[in-house]
Each structure stands twice: as structure tokens, then as C-alpha cells.
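K.L.:
Found this in Swiss-Prot, in case it helps:
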- 1-21: transmembrane segment (TRANSMEM)
- 34-54: transmembrane segment (TRANSMEM)
- 62-84: transmembrane segment (TRANSMEM)
- 89-111: transmembrane segment (TRANSMEM)
- 118-138: transmembrane segment (TRANSMEM)
- 169-189: transmembrane segment (TRANSMEM)
Amino acid sequence: PIAGSMVLAAILLKLGGYGIIRMMQVLPTTKTDMFLPFIVLALWGAILANLTCLQQTDLKSLIAYSSISHMGLVVAAIIIQTPWSLSGAMALMIAHGFTSSALFCLANTTYERTHTRILILTRGFHNILPMTTTWWLLTNLMNIATPPTLNFTSELLIMSSLFNWCPTTIILLGLSMLITASYSLHMFLSTQMGPTLLDNQTEPTHSREHLLMALHIIPLVMISMKPELII
């Protein structure tokens, strides 16, 4: 059920990040030099999740692994325990909560019309449902943290705090962001561009679907304009 996927990605996955924030406050801050292996492990886990996304053929699996990769960045930022990193982690959890929920919603919109989640079988929607393609484009741009979204602000905070902590982590972080952009554009091009492979009569989009997408994207853009509400 799509509602379960949306709640799982948007809320329940972030509860783990909140729990780590609370637990890190209990640990002694004088031993922070020991945290570098855990930071590298979190970033390496994000890269592995991103590489897994690149080889997915199932749309929902790709979005689910995308959520895991973003949580790797959140964990790496939380471990540092600086004000910038904690602000970036909190902002990224909120931003990715909206983004991943919107992606699952769009995947369900596609599934209801094609009855398949295979990427190669859902292509050609830009000819049939151009407004849905617009929502796909906006959501994927948010997923790869393009300005002026909150995703960009949060990843910038995380990147700067990680670089100040250990400059060599920028290699892992940059590689993770590069692969994120690759699979996001691959997902968009695979599901929207090219000739339509299915001959079924496609049902037009409903107002409720556009409203649902607007309620994901508009709050995220509004928070991006005033990030001090959460940072």
C-alpha cells in the first residue's frame, strides 16, 4: 500500500535519526576523534545504497534505497555534533521526508495507470500526462538538492561541517552526490521520456493527485525561503 510507503519514508525512517541525535548527547564529546571511522562508514553506506539504486529496475525499490542513502548523510552529520551539522541533519530529514513521500506518490500514480513498476515499461509519460512529468521533474530536482530547495541548504550545511571536520571526507561525499544525481536523472528519463511501450488507454490525472503533489512541494519551497524556522 502506497500510504504505508509514504509514512515509512517520510516519518518512521526519520525517527531513527532523531533517536541518534538524542543518544549522541549522552556520549562524551571528548572522545570525538574516535568517531571518524563511523563517519566514513556512514558515507560509505550512502555510496553503496546509491550504487544499488543505479542497478534497480523496480521503481519503488529505487526510491526506497534512495531514502537509505540520504540517511547515511544524516548519520554522518549527527556524529560530528557541531551546530551546523545538527542543523543540516535536521533540515535534510525534513526535506527528504517531503521529497521521498512525493516520489512514492508519483510512483503510485504511474503504477495505477500502467500496472507495472518496471522502469522500462513505464516510459513515454511526457506525451500522455505532461503535468505528471512536470511533477516528476520538480521532485527529482529536489532529490538531487538543486537550489533554492531546502535539500540544497541542508546538504550544503552537512558538506561544510564534514569538510571542516575532515577534508578527505569530501571525496566520499562528492561521490555520493554524483551518484545521486545520476540515478535521479536515470529514473526521470526512464519513466517519462521515449516512446510509450504499453498500448492501454491511460486514465487522465485527477485533481486530488495534483493537490497531493502540491501539498508536498509547496511547503518544502516555503520552508526553503525561511529556513530559520527549522534550522
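The backbone N, Cα and C atoms fix where each Cβ goes, glycine too.
The shown structure was predicted, so the numbers you read here are calculated from the model rather than taken from an experiment.
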K.L.:
Have the transmembrane segment (169-189) and the transmembrane segment (89-111) got at least three CB pairs under 8 Å, pairs 6 or more apart in sequence?
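P.N.:
Counting Cβ pairs under 8 Å, fewer than 3, so no.
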K.L.:
Given a Cβ distance threshold of under 8 angstroms, which distant residues of the chain, six or more beyond its ends, lie next to the transmembrane segment (118-138)?
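P.N.:
Tertiary neighbours of the transmembrane segment (118-138) are 56-59, 62, 102, 106, 109-110, 187-188, 190-198, 202, 204-205, 209-210, 213, 217.
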